[in-house]
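Visitor: What Swiss-Prot lists as signal peptide is 1-18, and the listing cites sequence analysis. If you look up Swiss-Prot, you'll see Cys19 marked as S-diacylglycerol cysteine, on the strength of sequence analysis. Annotation comment: Swiss-Prot describes Cys19 as N-palmitoyl cysteine, evidence class sequence analysis. The feature domain 'AB hydrolase-1' is assigned by Swiss-Prot to 69-296, with sequence analysis given as support. Annotation comment: Swiss-Prot describes His74 as active site. Positions annotated as active site, nucleophile by Swiss-Prot: Ser142. Positions annotated as active site, charge relay system by Swiss-Prot, on the basis of similarity to another entry: Glu270, His292.
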Amino acid sequence: MLLKRLCFAALFSLSMVGCTNAPNALAVNTTQKIIQYERNKSDLEIKSLTLASGDKMVYAENGNVAGEPLLLIHGFGGNKDNFTRIARQLEGYHLIIPDLLGFGESSKPMSADYRSEAQRTRLHELLQAKGLASNIHVGGNSMGGAISVAYAAKYPKDVKSLWLVDSAGFWSAGIPKSLEGATLENNPLLIKSNEDFYKMYDFVMYKPPYLPKSVKAVFAQERIKNKELDAKILEQIVTDNVEERAKIIAQYKIPTLVVWGDKDQIIKPETVNLIKKIIPQAQVIMMEDVGHVPMVEALDETADNYKAFRSILEAQR
């Protein structure tokens, strides 16, 4: 049980900051071994694609190539391993789980555009290269949700369903009290010290899994190293409103599942009301005592909700 808890904790911490060459080599090596163990359990293989820009996009893919493709998009500060554990419960689908440009093992150019439309274009290039750009199901958490909306709005005839998990981009709903007054200088999502990381870890989740402080310190150093790029990306995404684009999803009646943690301190849970207004066909599920990352905090329930949603779609065909 202790090993399982440590595996889970190390997995989430890596998913929040990516692989690292931080000073604590023993902690890093141990965590990377755990991550690889979890990827293997989920039948995930790590691959990469060189984009037309010359940048590298790294992604995880499971072995179920006969299943319907499901693109899963992580949020700010995360990477593909946000979905590694839940991936084994979604094994019935052909999973494509990328590191967005600027995160994880993908390239991190300072000069790039990191808004939803630019990331959407890169993801479409990836899917085209794999021959999966049509009949695709798309899901995303936080920033990944905004990118999912942008993708579906651009390619509405190709997207068969949409899964929004505590989605960013619906900014007219306002911000939670916990972030009122936050700036690029004092934002809890931007890490400038070990202590910032410790606070962020508890802030993002309502019931964060246990993680040894020594391991937290290792990952804090990686976030500190990337703080300038993180600040640039955050500055771009907080002004990237996808509400107008979401209206296209309503027009095309793309089946949409909206999932939210009722204890989310990053994006107001009341945002679901705005999304439901813009996308009337959306099914909304509010998860009790869950924070900003349901697929990590409550992966069983999150997976069950999604599979039930997909089962309904199958029955309607």
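A Cβ is built for glycine as well, from the same backbone N, Cα and C atoms used for every other residue.
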Visitor: Going by C-alpha positions, which of the active-site residues (Ser142, Glu270, His292) is nearest His74 (active site)?
Guide: Ser142
Visitor: Expressed to the nearest Å, what is the distance separating His292 (active site, charge relay system) and the residue listed as 'active site, nucleophile' at their Cα atoms?
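Guide: Checking the Cα atoms of His292 (active site, charge relay system) and the residue listed as 'active site, nucleophile' gives a distance of 8 Å.
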Visitor: Including all protein chains displayed, how many Cβ atoms other than that of His74 (active site) lie within 10 Å of its Cβ?
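Guide: The answer is 27 other Cβ atoms.
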Visitor: For the C-alpha pair, I'd like the distance in angstrom between Glu270 (active site, charge relay system) and Ser142 (active site, nucleophile), rounded off.
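Guide: Here the two Cα atoms lie 14 Å apart.
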